[in-house]
Amino acid sequence: MIKIAPSILSADFANLAQSVQVVEQAGAEYLHIDVMDGHFVPNITIGPLIVKALRPNSNMVFDVHLMINNPDAYVPEFIKAGADLVCVHAEACPHLHRSLSQIKELGAKVGVALNPHTPLNVIEYVLPMLDLVLLMTVNPGFGGQKFIPEVLPKIKMLSNMIQERGLATEIEIDGGINTETAPLVAQAGANVLVAGSAIFGATNPAQAVADIRKSAGA
Ligand code: DX5
Ligand code: ZN
């Protein structure tokens, strides 16, 4: 089962509630919310205030992707604001087990994001704690970048790792997903597909959600 996670990074920020409604009605399962701090990545985006403002407007799973340094300091606020799933970057967490434990204790689902170059072995000993692993297929910071195909074998390897251990961890892919790349990542074992520009940059975002799902064979 493929889940679609539209990234509001490419939505119209003056009409966010409306954009969210469109993709929710189109059947998207997750709402991908990209949080950037201008330090971990060279861009600044969304804070907990926006998550809180959107929360009463949607029943989608709020999938909050923290591209920030020192995420431990901000996790409680994002969960209070309505995050259902919180992803921290392994590269930003020197005490990853502690960071993940905090998210779990606060009652949210827990994910780890890995940059394209980061090997899978950094999550080897925390994998059983994870609801989701987010593999970046672009260098994080901006929407509309080109898919990095070198990550495909990493998706397959993670999928094998999860199967061998009998886990139910979801594999989310983020960056450059469209109707051409969705089938590649789905075939490699991904089941949650983030798409920003391919959905909100389309003339008909609802149709784009359906097209990406269909291209992935779902
Ligand atoms: C990039 C963000 C992505 C971004 C994806 O740093 O994490 O979620 O919105 O945008 P597209 O789908 O346009 O590559
Ligand atoms: Zn993201």
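Cβ coordinates come from backbone N, Cα and C, glycine included.
Computed from a predicted structure; not experimentally measured.
The active site, proton acceptor annotation in TrEMBL covers ASP34. If you look up TrEMBL, you'll see ASP174 marked as active site, proton donor. TrEMBL lists SER7, HIS65, GLY141, PHE142, GLY143, GLY144, ASP174, GLY175, GLY176, GLY196, SER197 with the feature substrate binding site. What TrEMBL lists as divalent metal cation binding site is HIS32, ASP34, HIS65, ASP174.
A map of TrEMBL features onto the structure.
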residue	record	Cβ contacts under 8 Å, 6 or more apart
SER7	substrate binding site	HIS32, ILE33, ASP34, GLY143, ASP174, VAL194, ALA195, GLY196, ILE199, PHE200
HIS65	divalent metal cation binding site	HIS32, ILE33, ASP34, VAL35, CYS87, ALA113, LEU134, ASP174
GLY141	substrate binding site	MET36, VAL41, PRO42, ASN43, MET67
GLY176	substrate binding site	THR137, VAL138, GLN145, LYS146, PHE147, ILE148
SER197	substrate binding site	SER10, GLY143, GLY144
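According to its DSSP assignment, SER197 (substrate binding site) is helical.
Taking every pair among SER7, HIS65, GLY141, PHE142, GLY143, GLY144, ASP174, GLY175, GLY176, GLY196, SER197, the residues recorded as binding substrate, the greatest CA to CA distance is 17 Å.
For ASP34 (active site, proton acceptor), the count of additional Cβ atoms within 10 Å of its Cβ stands at 24 [all protein chains shown]. Checking the binding-site residues HIS65, GLY141, GLY143, GLY176, SER197 against ligand 2, the ones whose Cβ sits under 6 Å from it are HIS65. Same-chain residues that are not part of SER7, HIS65, GLY141, PHE142, GLY143, GLY144, ASP174, GLY175, GLY176, GLY196, SER197 yet have a Cβ within 8 Å of the Cβ center of the substrate site turn out to be LEU9, SER10, ASP34, VAL138, PRO140, GLN145, VAL194. Of all the recorded positions listed (HIS32, GLY143, ASP174), HIS32 sits in the most crowded Cβ setting, with the most other Cβ atoms within 10 Å.
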